[in-house]
């Protein structure tokens, strides 16, 4: 027993020493976008877990419509790495505020993924990341060899247990709440009655296949409860769609074999009858790993195109491809059909800085556009809603897949750090695409930054309620005082007036996507 323990200890020390050697002697000089001392500075720095803690409402009062839980996901590495690190690499941490009768309880907890647990046991990070680990050819090859050696030595099994961070978003389907990232299966989480967050388990969608993965942005039909999801691959078929029924059970795969290369697809759009996805100008290229570079490459000569697939398709026979020059979509805000499906409208940010890929987010710039797609003539008309750098657009969730009027989007400072929020009225867009659709905005002020807003209807069960009758909620941080706040805004107000501000007992680092769960749905 002692010999086995000594052997394990020797292997652990050896692997850690090799990790340190790669970071110290083989990595190329770290660029700011992958230097952990730069990336994890300010309010990007990780925080410790915080158990359920009562909060103080400093301004206004919390509306009864917010009885439930607002919960947001984001990267929060449990260890500061010695080597390269990208903001997308951090372990998933959920920050929740549970509200009941005007009182609030705040909590921050890691999603207890397999990656988190195995690295916690080892005491340092070692699982590679496609965004940062391939920093020079020698370092890239060495890290890949070391990962294989660790797996063969029995330290971890990513093939069976996954290696995802669950740090991107949340979704509720099949009666369960999930934390998601696109490199793994979803992790089921639960919010307790006292406001704590518990990781239940990695969920295989009742397939008994632990090697599956799925998107961080599944689309849910609010009327039928059906879920439409996909996964990307680094080899053919590069894209596969599938449905999840109302019980949370995965259906058959629909591979898209007509893709000859692997585009980076982070999100899709869903209408009553169609799934719309994009073959972007950024593609996966495994050769780049051996060159010690990010395996996502921009192709300046490629014409991006949109794929339109009947959402209940069993194969890609009815898939229609339509060229969309100059348009590259990372996120979709909403989509709907017009003229009995002859035309499809999409609202989405167009990433103008796509040539920089996703490596350096300080260069990220996107403009929200309205695309009108004529399916019969295969023509696309694009019109910007405004020219501000906007991302993380959201709508009243009751209008998902239906024609909507209003979009609420973050005003980007440096993704995912937002300096305010804007309200856009799509109906103000003129036929020639002139003008600005901005009808309301709130900038947080010098030194104040937030993230994605979430729309919460004031009367979710009232079909006659106006589309913008509700609240915007988000976390906002003051970089001078280093305090974080939960902010509630009136979504109808021309200045998005503050309804309530809650001083949080812990700092909330900048993160990604969240959602609001009504009290009746909290499980």
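Cβ atoms are placed via backbone N, Cα and C, with glycine included.
TrEMBL lists 217, 266, 331, 513 with the feature Fe cation binding site.
Listed in sequence order, 169, 180, 266, 267, 268, 331, 332 are the same-chain residues at least 6 apart in sequence whose CB falls under 8 Å from the CB of residue 217 (Fe cation binding site). Other Cβ atoms within 10 Å of the Cβ of residue 266 (Fe cation binding site), summed over all protein chains shown, number 18. Shown in sequence order, 168, 169, 216, 267, 330, 332 are the same-chain residues outside 217, 266, 331, 513 whose Cβ sits within 8 Å of the Cβ centre of the Fe cation site. Under a cutoff of 8 A between CB atoms, and with a sequence separation of 6+ in the same chain, the neighbours of residue 513 (Fe cation binding site) are 72, 73, 168, 169, 170, 216, 392, 452.
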